[in-house]
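Asks: Below is one structure. I have some questions about it.
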Amino acid sequence: MASLPLDAIVHLSDLHPKPEGKTFGYGTAGFRTTGNILGSVLFRVGLLASLRSKKFDGKTIGVMVTASHNPEGDNGVKLVDPRGEMLETSWETYATSLANAATTSKLVDELRHIVAVAKIDLSKPSRVLYARDTRPSGAALVQCLEDGLRAMGAQRRNEGVTTTPILHYLVRCVNTKGTRDEYGDDNEEGYYDKLSNAFKKLMAKPPPPLIMDCANGVGAIAAQKLNEHIGSILQLKLYNIATTTSGVLNNGCGADYVKTTQRLPPSLHGVLKPGERGCSLDGDADRLMYFYLDEENNFGMLDGDKIAALVSSFIVDLVKNAGLDKQIEVGVVQTAYANGSSTRYLEKRVPVRCVPTGVKHLHHAAEHFSIGVYFEANGHGTVLFSPSTLDLLRTHEPSTPAQETAIKQLLALSELINQTVGDALSDMLLVEVVLAHRAFTAVEWDSLYTDLPNRLVKVVVPSRQKFITTDAERRLVEPKEVQARIDALVRKYDGGRAFVRPSGTEDVVRIYAEATLRPQVDELASRLSGVVYDFEGDQSKRPKEYL
Ligand code: 16G
Ligand code: MG
């Protein structure tokens, strides 16, 4: 039996001591905190990624260093499983316990524990592929990660600076190479080729150019490369592409800015003209928001819910046109944040499921459909084609030319849409395809349904762990008195709906409120903030705006 390479682990671990008094948690999207205190975490993630690879007999594991839409000074890291999906939940606990081992000798104990409990054969090889976004702390963190990989003797493949979805794509490609599930060429060029070839099959004539806000992040680099591949059909006009200017990442721009402020990024004022559409990526290019100015210069936002509505109804029609609606069930997965109007719109057309926040929950629920469309309101999402659906589409004999066309289009969509995780660039191409096929302007797309006014606020509490949810986060089990007060309040507002949940990425409790009228929503949200604050907060510091 091979054993852990203790000399190397101890020597290198001592170079990356854990900061005292800091507790790390592998949250919804991995570890995430201030970039300059993450060195020990990165080192330990390197160890864990190597073990995970050994567990899969040397299959490649991915590691992405990013803090997505969060401020530039933050950073984070997450692991990607062999099929390009998020790390299996049971291993999140291992990640957290490794990250929090106070000393090198406790770290070694934790490693031994994981090896025993997860039954890891240490004689197996390990392979890890990794990348980072454009954050200034990224390069140093990657070196810490590399020390962890070196300590375990893992084969390393550094993909440099790239988007989160490209990293997921590469992991899947490497692990499926030479098999019947081969996903694509395992390099960036393969990614752009795959997307642009599918896009060209689906687009008949060029739409007007698209204005794209790249959040001053890695999406700017990727979008420039994509432009070289698709420029003859769709011209991307890129803004917020300052990837080396300090302080600008996700600052007053990007998908999260648009979603939370429900405004056009100031940098696009005067750039986006009435009648034009644009979109925003987030800092690692896995979220997408569309928007437009109508002829009267009014701003309209097209979020993940609107994308789900647009895309799922298009796919439902294609499946019908292919004559396969008996065999292929199209379904949509949302979270509690989905606007009530979007849910009502969708439920008339397709089965809809609601799951807790976080890509892993949506992704797994979407796998239960033949074609599963999932989008979070924040713009993260994709469309999954099940293996049996792909087989059916590839082998089915169409009876008419119209059926043949629909089948070809569905197959091209399965190539266009990133099957591993939400991907802003791939989703943008998908939206453009549907808009072109429907001959929709952004205004027409927006008119599929009208969003209920809604408000998202956060309340800082000493311990968000006291808030425990059920029913896909739509209700609190604890504290019971808080839920009782929410119920009583919501009943007073026409069309009222609200929920309170602890954030999985920040030390806050989030409140979502929805009602028929805008002033009522604002009032409801303020009252709910007061309810949450009263439960825990220091009354002498209670903010005035909490009713
Ligand atoms: C992360 C999740 C995102 C979720 C958000 C919620 C992934 C890759 N990302 O960004 O899906 O919407 O967290 O954050 O899973 P919250 O728990 O702080 O509200
Ligand atoms: Mg992101």
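Residue numbering: from 1, along the chain as shown.
Quick reminder: no glycine exception, Cβ is built from N, Cα and C everywhere.
Worth saying up front: this structure is predicted, and the values here are computed from it rather than measured.
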Asks: Looking at the Mg(2+) binding annotation from TrEMBL, with D282, D284, D286 already listed, which candidate in S53, S68, S503 is the matching residue?
Replies: S68
Asks: Would you count the other C-beta atoms found within 10 angstroms of the C-beta of D282 (Mg(2+) binding site) for me?
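Replies: For D282 (Mg(2+) binding site), the count of other Cβ atoms within 10 Å is 33.
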Asks: Using the structure shown, find which entry in D284, D286, E376 (the binding-site residues) has the sparsest Cβ neighbourhood within 10 Å.
Replies: E376
Asks: Considering the binding-site residues P502, G504, which residue's Cβ sits among the greatest number of other Cβ atoms within 10 Å?
Replies: P502
Asks: Anything from the binding-site residues D282, D284, G504 with its Cβ under 6 A from ligand 1? List those in sequence order.
Replies: G504
Asks: Please compare the recorded positions S68, N378 by how many other CB atoms fall within 10 Å of each one's CB, and tell me which has the fewest.
Replies: N378
Asks: Against which stretches of its own chain does the domain 'Alpha-D-phosphohexomutase alpha/beta/alpha' (60-92) lie, if we need a Cβ under 8 Å and a gap of at least six residues from its ends?
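Replies: Counting only partners 6 or more residues beyond its ends, the domain 'Alpha-D-phosphohexomutase alpha/beta/alpha' (60-92) has Cβ contacts under 8 Å with 26, 29-36, 38, 41-42, 45-46, 48-50, 52-53, 118, 126-133, 135-138, 141-142, 145, 157, 164, 167-172, 174-175, 183, 215, 246-251, 254-256, 282-284, 286-287, 359-360, 363, 419-421, 505.
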Asks: Cα-Cα separation of N378 (substrate binding site) and D284 (Mg(2+) binding site), in Å?
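Replies: That separation, Cα to Cα, works out to 14 Å.
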Asks: Show me the subset of S68, E376, P502, G504, R510 whose Cα is within 10 Å of D284 (Mg(2+) binding site); these are the recorded positions I mean.
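Replies: Neighbours among recorded positions, in sequence order: S68.
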